[in-house]
Each structure stands twice: as structure tokens, then as C-alpha cells.
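For reference, Swiss-Prot has these:
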type	residues	note
ACT_SITE	Cys126	active site, proton donor
BINDING	Lys22, Asn23	phosphoenolpyruvate binding site
BINDING	Arg102, Arg131, Pro132, Val133, Asp134, Leu135, Lys171, Val172, Ser173, Val174, Asp316, Ile338	UDP-N-acetyl-alpha-D-glucosamine binding site
MOD_RES	Cys126	2-(S-cysteinyl)pyruvic acid O-phosphothioketal
Amino acid sequence: MDRIRIRGGSELNGTIPISGAKNAALPLMIASLLTDDTLTLENVPHLADVEQLIRILGNHGVDYSVNGRRENQDKGYSRTVHFTARSIVDTTAPYELVSKMRASFWVIGPLLARMGEAKVSLPGGCAIGTRPVDLFIEGLRSLGAAIDIEGGYVIARAKDGLVGTRFRFPKVSVGATHVLMMAASLARGQTVLENAAREPEIVNLADCLNAMGAKISGAGTPTITIEGVTSLSGARHRIIPDRIETGTYALAVAMAGGDVMLEGARADLLETALDVIQQTGAEITRADTGIRIRRNGNGISPVDITTEPFPGFPTDLQAQFMAVMTKAKGNSRITETIFENRFMHVQELARLGARISLSGQEAVVEGVDRLKGAPVMATDLRASVSLLIAGLAAEGETTVNRVYHLDRGFERLEEKLSSCGADIERISG
């Protein structure tokens, strides 16, 4: 199993290209199920989750090619991929595929809208009564679907098609907003989604669906209106730059020091996070070509944050921000409001010398002068990269195990950091 070794103490200087956003790519790829024409997506990141979704879509009959060739590229940055679902050969998404990636459950919306039926496994770990998929089920029922749960599968039917509705999300959900927006695109009549997620990835999907012939307005606001159409066509669409990758590398510079240009990054996608990073003492310059971040040797200022839906501070940057706060000059308070159990990185950061106390969904980080390298274990995608950020500023050698988590969401991370002076390498086996 691969691991990554970091020797801390080096500043970061240079240019890092920002890849296409994973959280935008996945729903856009799933949208290919809505049409029998070809959907061409530009700036698709080369990630384990993307490759897994390609396999899942293939199970339903979606063919794909990379720059005109059917292949699974092992190397290369974000690329252009063509997806074609001439016919849906299977409306079942089996457990062995869905269990590997929660976002694959989202195929339920397009399959139901196009074929009138879908049988999709519940994602692994869903407890009855607290399932994250409850919002999806409520929304699809509101569109007229008959839904049963049998043997660990959600079985959805809409024999006469979906019908427009007015649906208010009980709580903001990015995934459920994606799914209902796709499903409602082919429903009869008008659908109004209230308390919808406002994330840039929602806007990116709406723009793509509109290019395919959908009639969607209000994406990026709490109220999205969809006028159903009878069919969608193919389109060519570009995936937005990854705001979480942007924030991650900005935080890496805030931690290690240096001067880095994040090429292709868009500041408007993460203004709140950039403001917070600036408060830690980093200097941020917004440009047409990207974002430049600099930090000299003046130390890191403590900042309190609370994670919130967009446009608030993103939960997907919480772990990385906590890593930076471990070396701040004072105490900081981090409150997680989006997900439960999202402090799994705390124990591993403590192995490096961090001082963090937990109380429910709140963490208090007491900044220390020195972190010391140690072997650590990645527990999930965002936690794993927080350990790398801490390792950049730790004395000696830090080894991060289980880095397959990183490969799910960061394209060639160690190569990008190494090009800016980090002493980092992947060790195979």
C-alpha cells in the first residue's frame, strides 16, 4: 500500500496548476445518463473517484473516450472526456459498485427521469432513520415517484413519468439538489426547489444542463426553478476549477511559508476561505490567471471558524485549516456544523505534537511552537491532506499511510508540492 514521506521545513515557491473540481465532475458525468447524445466534459480531473464513476456509468451502458480514444489514462492532468449513453442497458446500480463511492447513488435521479425506473443500492453505512438519502427519497416522491426500500436497495418507479412540484429541502443538501435538479429537467411542468444548495458546483451543473436544453433558473440562490422538457441533447461543457484544491494549497503555503501562484484558480469560488486564510497572516493577490499566496516568517495568527454551506467556510477545508492552526500563536476554535464525526484527523495530528481538545462538534486548537514528524494514518480524503500540511511544517520526517484516500480527490498532489520545493515523495508497496 502506498505511503507518502515528507521532510518538513521547506518553503513552497513556484506555480501549482489547479485541476478541475471533483465535486463538479461527478454530477456532470452522471448527467450523461439523461441523453442519448454525447456529453463532452473538459477539465475532468484524473482521480480514483472519477475512474470509479466511469466504471459505474459503464454498468448502465455509458460509453466513454478520452480525447477521442477509449482508455484509462494513468498519467496526465485534467483532460477532455466524452460520455455517450445511447441506450440504458441496466437501471440497477448494485451494492458492490455504490458502496465504493457515495456519490454514485446520485444515478437514481437521471435513471428514473429517463427510464421511469431505478434500483440503486443504499450507500454503505446508512442507518435506518438517519440515512443521508432520506432527502433524495422525499424529493423524488414529491416529483411523483413511487419508492420502496427492499433488501438494501432503493427501488423507484415513475411509470407515467415525473411531474413538476414545489419541494422545500428540510436541510440544505448539495447531493439532493444535484439529483432533483437533474430529475426535474425531464419532468412534466414546473419544479421549484426551495432551500436549495448554492454551491458553485450546483451552478456548474445547471449551466451544463441548460446547454443540453434544460430550462433552469436561479441556480446559486436558495430557490431554483426548472421548467421540464421532453428530452435533452448533448453538449460541450467545462468543469470549474477545484475550490477545495485551491484552498488546500493556499493553506499549505500559509503553513510552510513561501510564494506560490495557484494557476487557473478562481477567487469567487471561495471568498470566505480566502478571507480567513488572509487573517492568519498570509497575503493573497487575486489575478485573472489565478491566485497568488505569500507568507513570510512572521508566524501564524489564530482565527476562529465555523463551517457552513456555501458561501460560508467549507467543511471540506476544515481539516486542512486545523492543521495550520496547530502552529498558530494562540488558541483557535473550530466548529463543525455540516457533518458529524469529522474530527478523525485530530488524533493523528496529536501524534505530531498538536494540542487539540474536542467537545462535541467543537475543537479548540492550542498553537505550539514545534511539530515533530511521526508515522500517521490517513482516515479519509480531507483528513489525509491535513496530515501532509502539518508534515510540511514538522521537524524531521512524517510518513502518511493509507494515501489511497488522497488519490480519490487530489490530482498528482505530491508532484505539485514537490515542484514548489517540498521534500515529498510517494513510496510504493
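Here the Cβ of each residue, glycine as well, is placed from N, Cα and C on the backbone.
Recorded features from Swiss-Prot, shown on the structure.
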{"residue": "Lys22", "record": "phosphoenolpyruvate binding site", "Cβ contacts under 8 Å, 6 or more apart": "Pro45, Leu47, Asp49, Val50, Asp242, Ile244, Arg408, Gly409"}
{"residue": "Asn23", "record": "phosphoenolpyruvate binding site", "Cβ contacts under 8 Å, 6 or more apart": "Val174, Glu199, Glu201, Asp242, Ile244, Asp316"}
{"residue": "Asp134", "record": "UDP-N-acetyl-alpha-D-glucosamine binding site", "Cβ contacts under 8 Å, 6 or more apart": "none"}
{"residue": "Lys171", "record": "UDP-N-acetyl-alpha-D-glucosamine binding site", "Cβ contacts under 8 Å, 6 or more apart": "Leu135, Asn195"}
{"residue": "Ser173", "record": "UDP-N-acetyl-alpha-D-glucosamine binding site", "Cβ contacts under 8 Å, 6 or more apart": "Pro132, Leu135, Ala197"}
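Neighbour counts of Cβ atoms within 10 Å were compared for the binding-site residues Arg102, Pro132, Asp316, and the top value is held by Asp316.
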